[in-house]
Amino acid sequence: MFALRRAAIKAAPLAARSTVRPFSVLGARFSAVGQPAESTMGPGGKAGEVPTDLEQATGLERLELLAKLQGKELFDMEPLNMTHIGTPKNPIVVQSHDPIRFVGCTGFPAESHDVIWINLDKSHEHDRCPECGSVFEMDFVGTEDEHHH
């Protein structure tokens, strides 16, 4: 099945192939660092009542709900725009609030191979896809004392 899919993708003209990744790679757009405990912990339900999602949500789930109430998206759900294959001199830069980030690579042009999950680490200079060789580099935008778990 995958061999047929790969053959069909390779046979498609380059102009018809999409250069947009089907996966999002950026975590939270807003940092929870410095937020008071009340913003990450809901008040809970009142005695004898069933709490709402907002009352019982905690952590990132609560921050996401609060952002949606303000008309914003906490997480970047847009696909990564792949305009080139990453090289050590010109890598695909991925922003992250966490020191470790998983990225799904489908090759260049997009979907030229099955999804391979790559573990990006801020301590690495860059990380490479074992299938297509595309190089990814993490742009760490978080802080060292930030803990989401």
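Here, residue 1 is simply the first one shown, and the rest follow in order.
Including glycine, each Cβ sits where the backbone N, Cα and C put it.
According to TrEMBL, the protein has these features:
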type	residues	note
BINDING	Cys105, His113, Cys129, Cys132	Zn(2+) binding site
Going by a 10 angstroms cut-off between Cβ atoms, which of the binding-site residues Cys129, Cys132 has the sparsest surroundings?
Cys132
Within a 10 Å radius of its Cβ, which of these binding-site residues (Cys105, His113) has the fewest neighbouring Cβ atoms?
His113
Starting from the Zn(2+) site formed by Cys105, His113, Cys129, Cys132, give every other residue of that chain whose CB sits within 8 Å of the mean position of their CB atoms, in sequence order.
Thr106, Gly107, Phe108, Ser112, Ile116, Pro130, Glu131, Gly133, Ser134
